[in-house]
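> The structure's right below; bear with me while I get my questions together.
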Amino acid sequence: MSLWIVATLFAASVQALRFLLQKRLAVSGLSPAASTFARFVYAPGVIGAGLAAWTLATGTGLPIVGTGFWPYALAGGISQILATMCVVALFAHRNFAVGIAFSKVTVLLTVATGFVVLGETVTWADIAAMLVGLVGVLILSVPAGGGWQVLNRGSVLGLASGVFFSISAVGYRGASLVVESDAPVLRAAVTLALVTLVQAVVLAAWLAWRDRAGLIAVFTRWRVTTLVGATSMAGSLGWFTAYTLQTAAYVNAVGQVELILSMAISWLVLGERFSWRELLAIALVSCSVIALILLQT
């Protein structure tokens, strides 16, 4: 199995756990910006220490970041902040399921964004597999009793997060491709360290200006926020490694396995049970992911 697929499956697994932790922060009263800040605040130091240890162990310097790195990195980093804030805001919204459905148009949006920005394309067979997964997501997001109101705040937040996530994915791939190294994990780590440093500084400045109580709460609730930060860092390293190796659209499409993992967590941890409709949705998403993996191997 290709390294990018392994990295994507790892990242999706960790992200499913992180969203569960972030939901705990959201329902505990932490603002979307503060909950998002918890993702990034610890990562630069830990990744930086890891890179320093690598240079000492190997006796070589860090790879050079090309001049085209920062436009991609900044676009990706700021877009990810906005996307995550939209998702966190959905946790406390009654139209959460509808919003999440709209957020999952990320896969198709990434196809378009990747083509416009990087000139990368996908095959029609791959698009067909992606559409199967999208149908599964939409089925999963329809309320059991019907009455799916499309035009609401939840759908706007979900669609906005999908747009921002697609921009961030393509931005990260573009940034990692500019890092001058043949080692994909090293390129991913350098990109991640620099991007999360910018994200932490931007969010800290925003919170200091608009939500000082939230800024303080991120550190006073360290038992949960450190777990959010750790899972975010591990997951991001997986995503960045995958983006370094493969077109962002394929990575995001295979990453939809996160939905299945999230439902598994809900079943095992929260004791939730699923209807035939939800099981059908899981089957469609699973078929989409498996088809994409087979098409790329």
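Each Cβ is built from the backbone N, Cα and C atoms, and glycine gets one as well.
Any TrEMBL annotation is an automated prediction that lacks curation.
Quick paste from TrEMBL:
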DOMAIN    153-292  domain 'EamA'
TRANSMEM  40-57  transmembrane segment
TRANSMEM  69-92  transmembrane segment
TRANSMEM  98-118  transmembrane segment
TRANSMEM  127-148  transmembrane segment
TRANSMEM  154-172  transmembrane segment
TRANSMEM  184-209  transmembrane segment
TRANSMEM  221-242  transmembrane segment
TRANSMEM  249-270  transmembrane segment
TRANSMEM  276-295  transmembrane segment
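Looking at the shown structure, can you explain where the listed features end up?
Over the domain 'EamA' (153-292) the predicted model carries a mean pLDDT of 87.
Residues 81, 186, 189-190, 192-193, 196-197, 199-200, 203-204, 218, 225-226, 229-230, 232-233, 236-237 of the same chain, all 6+ positions outside the transmembrane segment (40-57), place their C-beta atoms under 8 angstroms from a C-beta of that stretch.
Packing against the transmembrane segment (184-209) from elsewhere in the chain are residues 3, 33-34, 36-37, 39-41, 43-44, 47-48, 50-51, 54, 62-63, 65, 69, 73-74, 76-78, 80-81, 172, 175-176, 215, 218, 233, 236-237, 240-241, 243-245: each is 6 or more residues past its ends and has a CB under 8 Å from a CB in it.
Packing against the transmembrane segment (221-242) from elsewhere in the chain are residues 3-5, 7-8, 10-12, 14-15, 17-18, 21-22, 24-25, 28, 30, 35, 38-43, 46-47, 169, 172, 176, 184-185, 188-189, 191-192, 196, 251, 255: each is 6 or more residues past its ends and has a CB under 8 Å from a CB in it.
Here the transmembrane segment (249-270) has long-range neighbours at 4-5, 8-9, 11-13, 15-17, 19-20, 104, 106-107, 110-111, 114, 120, 122, 126, 129-130, 133, 136-137, 140, 165-166, 169, 239, 242-243, 278, 282, 285-286, 288-289, 292-293, 296, meaning same-chain residues at least 6 beyond its ends whose C-beta is under 8 angstroms from one of its own.
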